[in-house]
Amino acid sequence: MKRPILIHPDPRLKKVCVAVPDLSDDLRVLADDMLETMYAAPGIGLAAPQIGILQRLIVLDCVKEEDGEPRPLVMFNPEIISASDETNVYEEGCLSIPDQYAEVTRPKVVEVEWMDRDGNAQRETFGGLWATCVQHEIDHLNGKLFIDYLKPLKRQMITRKMQKLKRERARA
Ligand code: K1U
Ligand code: ZN
């Protein structure tokens with residue numbers, strides 16, 4: 001089932017999410033709903049707080065080629081174990097901040113540990129768009145948005161645009 005995505009500003013997008021203690025079928029259904037919501041948006045990632053669930057769960061699939069084999073990843077309690085000193089700049093977007101893009105600098109390569117949907121511990125090193133996206137999604141779990149990396153004036157401008165968008169959507 002597709003879930004509605006919260007739009008910034010929303011207090012739920014600023015909260016630090018709690019760890020998932022144990023896997024359950026409800027959580028697996030939630031992960032499936034998040035993947036469906038992400039693919040439909042369309043997006044390459046989604047974090048649970050973006051649908052109002054304040055738990056440490058993210059999904060992502062950064063396969064770019066249209067004819068490429070999808071690679072949906074479900075990560076419970078993801079943690080960055082190590083990050084490269086070398087950085088990368090990417091023009092990021094966010095499904096909670098529609099149609100706004102800005103360059104963000106982040107570590108180029110990150111090693112991430114997480115629990116998969118079967119409860120198995122996983123560890124993988126990500127580079128390229130995968131590294132950018134997994135860091136963006138883990139930021140969501142800590143109440144941080146990509147606009148928090150921007151200068152205050154630019155951030156304020158985007159926030160005002162989103163407030164206007166929300167007013168217009170509420171009237172429609
Ligand atoms: O977390 C989110 O809001 C999802 C976000 C993830 C992301 C995008 C770019 C850099 C870092 C993280 C998105 O998916 S925005 C939409 C988007 O980037 C996209 C949509 C369709 C095709 C390709 C990209
Ligand atoms: Zn986002």
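Yeah, the Cβs are placed from backbone N, Cα and C, and that goes for glycine too.
Positions annotated as Fe cation binding site by TrEMBL: C94, H136, H140. Other Cβ atoms within 10 Å of the Cβ of H136 (Fe cation binding site) number 23 in total over all chains.
According to TrEMBL, the active site annotation covers E137. The DSSP secondary structure for E137 (active site) is helix.
Same-chain neighbours of the Fe cation site beyond C94, H136, H140, judged by a C-beta within 8 angstroms of the site's C-beta center, are, in sequence order, G45, A47, Q50, E92, L95, S96, E137, D139, L145, F146. Listed in sequence order, H8, Q100, H136, L145, F146, I147 are the same-chain residues at least 6 apart in sequence whose CB falls under 8 Å from the CB of C94 (Fe cation binding site).
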